[in-house]
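Engineer: Just dropping this structure here.
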Amino acid sequence: MLVTEETLLGKSLDELTQWVEKQGQPTYRGKQLHQWLYEKGARSLDEISVFPKTWREKLINYPIGRSTIDYRTVAPDATRKYLLCLGDGLIIETVGIPTAKRLTVCVSSQVGCPMACDFCATGKGGYQRHLRAHEIVDQVLTVQEDFQRRVSHVVFMGMGEPLLNLEEVVKSVKILNQDIGIGQRSLTISTVGLPQKIIQLAHHHLQVTLAVSLHASNQPLRETLIPSAQHYTLKNLLADCREYVNITGRRISFEYVLLGGVNDLPEQAIELANLLKGFQSHVNLIPYNPIDEADYQRPNQTQIQTFVQVLEQHKIAVSVRYSRGLEANAACGQLRASQR
């Protein structure tokens, strides 16, 4: 389900030019509108001071497509979590993650998530609808505006399964790249894996990074953690991943949330290494971030390092990603569209 109200945000320069011409305005107004939407982050047409006042007054209620910040919190590590209110009143979460040289935005692609992964707060809260491309782009503009600095990287790792909303996600990638100026190689699309969808994404020939959430080294455990895995075996998922690499020439990142005593045993690391043998890939290990809705535990440092060492011994490229924003419930797996 999508909200279908026409908005200006999400339109290309050509589309905006056509729109202003239909309004009886000269062609160059399209370029001005594009600049105010994507460079200046205009929230209403009334802000666009280069437009004639009489035209601005006529269009004062025309929807641009910007959200409003319903709630904002800052973690001790400077990560900022936002609850954004969409045009229809639904709430999504977005996270801004700053470092000295980067500003990364973790964007949502759906309101909620239907995948119901057992360790993830978003999946526990149910699913309402897909986001439109402009609602994804708006998240980046909102964070950019709040930090008063340019966003350098975007990860589709917020609420939702991006490949279920593939058309709008791909459209948003093109807008972020062509209209806002973020390089495609600075964009990451995450997925738990869906039949046919990885290959469909590959045929768009984007230069983004694909991050595949494995979270288990064998099929029975993966089905326990990710219910949708019942319809997509590890064998078929990895076959599609290999085909993705062949089509795009891009290395895949495999995400693996470490759950203490569940999927972090040395023999499971060996099993994972055997799965990925000969793969053009990198493994990101993510120590579990606790949520109230699940009883899993974060492994200790010894368990984490042992898992890393086993993978390295088997020639698997691996790193540990400690999530930012943990204290603000803004870390990986904690997004639930609520203030807690």
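Just so you know, the numbers here start at 1 and follow the chain as drawn.
Backbone N, Cα and C atoms are what each Cβ position is placed from, and that goes for glycine too.
Copied straight from Swiss-Prot:
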ACT_SITE  GLU93  active site, proton acceptor
ACT_SITE  CYS332  active site, S-methylcysteine intermediate
BINDING   GLY160, GLU161, SER190, SER213, LEU214, HIS215, ASN289  S-adenosyl-L-methionine binding site
DISULFID  CYS106-CYS332  disulfide bond
DOMAIN    99-327  domain 'Radical SAM core'
Engineer: To the nearest whole angstrom, state the Cα distance for the pair the residue listed as 'active site, proton acceptor' and CYS106 (disulfide bond).
Structural biologist: 9
Engineer: Drop a 10 Å sphere on every Cβ of the recorded positions CYS106, LEU214 and tell me which sphere holds the fewest other Cβ atoms.
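Structural biologist: So among CYS106, LEU214, the recorded positions given, the one with the fewest Cβ atoms within 10 Å is LEU214.
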Engineer: Under 8 Å Cβ-Cβ from GLY160 (S-adenosyl-L-methionine binding site), six or more apart in the same chain: what's there?
Structural biologist: SER108, SER109, GLN110, VAL111, GLY112, CYS113, THR122, TYR127, HIS130, LEU131
Engineer: Here's one to test understanding: among the binding-site residues LEU214, HIS215, ASN289, whose C-alpha is closest in space to the C-alpha of CYS106 (disulfide bond)?
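Structural biologist: Ranked by Cα distance from CYS106 (disulfide bond), first place goes to ASN289.
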Engineer: Across the domain 'Radical SAM core' (99-327), what is the average pLDDT of the model, as a whole number?
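Structural biologist: Mean pLDDT across the domain 'Radical SAM core' (99-327) comes out at 94.
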Engineer: Tell me the Cβ neighbour count for SER190 (S-adenosyl-L-methionine binding site), meaning other Cβ atoms within 10 Å of its Cβ, over all protein chains shown.
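Structural biologist: Its Cβ shell of radius 10 Å holds 22 other Cβ atoms.
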Engineer: Compute all pairwise C-alpha distances among GLY160, GLU161, SER190, SER213, LEU214, HIS215, ASN289, the residues listed as binding S-adenosyl-L-methionine, and give the largest one in whole angstrom.
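Structural biologist: Binding-site diameter by Cα atoms for S-adenosyl-L-methionine: 19 Å.
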